[in-house]
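> Take this structure first; my questions come after.
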Amino acid sequence: MTVRVGINGFGRIGRNFYRALLAQQEQGTADVEVVAANDITDNSTLAHLLKFDSILGRLPCDVGLEGDDTIVVGRAKIKALAVREGPAALPWGDLGVDVVVESTGLFTNAAKAKGHLDAGAKKVIISAPATDEDITIVLGVNDDKYDGSQNIISNASCTTNCLAPLAKVLDDEFGIVKGLMTTIHAYTQDQNLQDGPHKDLRRARAAALNIVPTSTGAAKAIGLVMPQLKGKLDGYALRVPIPTGSVTDLTVDLSTRASVDEINAAFKAAAEGRLKGILKYYDAPIVSSDIVTDPHSSIFDSGLTKVIDDQAKVVSWYDNEWGYSNRLVDLVTLVGKSL
């Protein structure tokens with residue numbers, strides 16, 4: 001059955017999700033159709049930003065408008081909505097939408113996201129950490145907990161999707177006692193181009209000119225997908241002046257001592273086995289630009305593994321936009337199978 005999707009919020013994640021879907025459709029791995037997108041931006045601007053992207057380049061198909069309410073992408077047509085009144089006012093039932101990808105960043109708690117269900121959708125996937133959701137899923141880590149009964153689902157954050165596979169391999173193979181992480185993260189639209197007011201006075205500073213320390217909920221969110229690690233991990237983010245391509249540095253105390261070679265071997269086995277497609281293993285001395293448009297959630301850099309006694313440090317890269325958007329497509333596919 002083709003899963004019919006509505007996108008609420010056609011910004012960076014909404015558009016990246018759609019491009020990732022097109023890529024997976026070409027590979028024959030996604031039986032998903034986007035039937036509508038809701039955004040208060042005018043349609044000509046939405047079509048232009050879908051066609052031309054500073055990171056992903058030009059979309060290799062025609063993008064245009066049909067009438068005043070349809071965006072045409074190749075042979076596909078997307079009903080363009082501009083509903084401001086909130087999720088409950090959207091015509092998902094009339095459009096036969098099965099799953100809504102909620103990517104505005106505004107409706108991340110269950111009470112607000114439930115409006116999509118009231119409007120006729122069967123499931124809601126929130127493209128961010130959420131509050132009071134039915135379940136948070138990190139693919140490859142706890143997707144086996146999805147049983148079809150959960151209706152409001154969080155795809156966690158891009159950083160949690162990178163961190164969780166690292167934590168899973170280390171905890172499964174050696175046991176994690178406790179740990180700290182840092183994500184060196186590309187800037188995002190939540191930061192300022194120039195110095196200006198912001199509730200976070202570090203994010204108030206010019207994103208392209210500074211390394212900006214700030215918070216991340218990724219480490220604490222691990223407890224949502226790996227309950228045995230609740231309260232055992234913490235950390236923060238350093239936002240840096242690049243548009244995409246981030247890296248997570250995780251240092252943990254292990255229950256069982258392991259050498260660098262043993263740790264790397266465990267990650268290589270996981271990348272070739274149970275986490276294939278989620279975790280990637282690299283021997284090469286790569287830098288951030290090398291992983292842009294890589295669809296994996298977590299790209300393990302074996303050359304950066306360090307060990308002192310029972311303490312281990314591992315590093316994994318991730319395209320915080322493209323990798324995450326591909327997991328959104330995968331999660332829509334997973335949820336669609338339960339409909």
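The backbone N, Cα and C atoms fix where each Cβ goes, glycine too.
The following feature annotations were taken from Swiss-Prot:
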- R12, I13, D39, R84, S127, N320: NAD(+) binding site (BINDING)
- S157, C158, T159, T188, R203, T216, G217, R239: D-glyceraldehyde 3-phosphate binding site (BINDING)
- C158: active site, nucleophile (ACT_SITE)
- H185: site 'Activates thiol group during catalysis' (SITE)
> For T159 (D-glyceraldehyde 3-phosphate binding site), write down the residues of its own chain that are at least 6 apart in sequence and whose Cβ falls under 8 Å from its Cβ; none is a fine answer.
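In sequence order, T183, H185, T216, A218, A237, S246, T248, Y318, N320 meet the Cβ cut-off.
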> Please classify the secondary structure at H185 (site 'Activates thiol group during catalysis') using three-state DSSP.
strand
> Select the closest residue to R239 (D-glyceraldehyde 3-phosphate binding site) from the following binding-site residues, measuring between CA atoms: I13, D39, R84.
I13
> For a quick check of packing: other C-beta atoms within 10 Å of the C-beta of C158 (D-glyceraldehyde 3-phosphate binding site), how many?
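Summing over all protein chains shown, C158 (D-glyceraldehyde 3-phosphate binding site) has 29 other Cβ atoms within 10 Å.
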> Please report how many Å separate the Cα atom of D39 (NAD(+) binding site) from that of S157 (D-glyceraldehyde 3-phosphate binding site), as a whole number.
22
> Drop a 10 Å sphere on every Cβ of the binding-site residues S127, S157, T188, N320 and tell me which sphere holds the fewest other Cβ atoms.
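If we count Cβ atoms within 10 Å for the binding-site residues S127, S157, T188, N320, the smallest count is at T188.
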> Cα-Cα, whole number of Å: C158 (D-glyceraldehyde 3-phosphate binding site) versus S127 (NAD(+) binding site)?
9
> Counting only residues 6+ apart in the same chain, whose Cβ is under 8 Å from the Cβ of I13 (NAD(+) binding site)?
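Those within reach of I13 (NAD(+) binding site), by Cβ under 8 Å and sequence separation of 6 or more, are S103, S127, E321, Y324, S325, L328.
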> Hey, of the recorded positions listed (R12, H185), which one tops the CB count within 10 A?
H185
> Express the distance between the Cα positions of R203 (D-glyceraldehyde 3-phosphate binding site) and R84 (NAD(+) binding site) as a whole number of Å.
28
> Near the Cβ of T216 (D-glyceraldehyde 3-phosphate binding site), how many other Cβ atoms are there if near means within 10 Å?
23
